[in-house]
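Some notes on the structure that comes next.
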């Protein structure tokens with residue numbers, strides 16, 4: 001399993017880091033088989049697999065539950081778990097309780113938190129306690145209401161400079177990596193050059209140290225539309241619908257199950273069962 005040291009070395013050597021979200025045992029198992037470097041159990045699971053309109057309703061218990069499943073499916077892959085909405089915007093003591101629960105109960109190797117400002121002290125606090133932290137800047141979904149929607153961040157020089165400053169503060173606080181979401185590629189490149197920790201981009205162009213995509217977006221599974229930054233490498237959704245539709249048809253027309261899908265009794269047992277009448 002790769003560790004923080006390996007990811008730093010990959011950045012130094014110019015080897016891109018691959019990160020993929022996974023929310024359950026089968027997706028984690030497949031991600032590990034595909035040799036993904038890092039798995040993110042994102043609170044995006046609220047929208048992707050739980051059907052919420054945002055990530056806000058996701059709880060600490062949800063994150064623990066899903067991370068445990070991912071851990072069972074990917075025992076040899078570094079796993080990062082999101083701290084959900086309002087689980088770390090409380091006192092540092094309450095934040096530690098939530099962080100401890102997620103790490104101890106789920107088996108996550110690191111936690112991810114969004115934003116800067118007061119979150120910087122949280123990064124430092126968790127790091128000092130021995131919990132690796134991944135920072136997240138740019139479009140931060142938990143704050144989408146404050147940001148005015150799902151929009152690209154850092155498009156003007158002033159806001160771009162603020163993001164650069166925040167990125168440096170995250171590194172200084174002890175973050176082991178930084179996710180940059182929906183920022184101009186020029187800004188992402190500049191931030192990547194000025195940090196010693198790896199940057200993982202999602203909608204941040206190619207000049208970052210790694211990329212992350214949502215599993216379901218990448219394979220077109222259960223999604224109707226995807227953001228501009230997503231490349232769909234295959235479409236399992238069409239095959240799944242086709243297969244289920246065929247199943248429905250065959251059941252309705254009594255083509256399924258066939259004899260090869262059924263179990264039988266010996267003829268003499270049937271005679272006993274039917275009282276000698278068939």
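Quick reminder: no glycine exception, Cβ is built from N, Cα and C everywhere.
Feature annotation from Swiss-Prot assigns active site, proton acceptor to 181. Applying an 8 A CB threshold to same-chain residues 6+ apart, the list for residue 181 (active site, proton acceptor) reads 136, 137, 138, 139, 140, 141, 153, 201, 202, 203, 204.
Sequence-distant contacts of residue 44 (3-methyl-2-oxobutanoate binding site), defined by Cβ-Cβ distance under 8 angstroms and a gap of at least six in the same chain, are 21, 55, 82, 141, 214. The 3-methyl-2-oxobutanoate binding site feature in Swiss-Prot is assigned to 43, 44, 82, 112; the stated evidence is sequence analysis.
Within 10 Å of the C-beta of residue 114 (Mg(2+) binding site) we count 23 further C-beta atoms, all protein chains included. In the three-state DSSP assignment, the secondary structure recorded for residue 114 (Mg(2+) binding site) is strand. The feature Mg(2+) binding site is assigned by Swiss-Prot to 43, 82, 114, with sequence analysis given as support.
In the three-state DSSP classification, residue 44 (3-methyl-2-oxobutanoate binding site) falls within coil.
Each residue in 40, 41, 42, 45, 55, 58, 63, 81, 83, 84, 141 lies on the same chain as 43, 44, 82, 112 and has a C-beta within 8 Å of the C-beta centroid of that 3-methyl-2-oxobutanoate site, without being one of the site residues.
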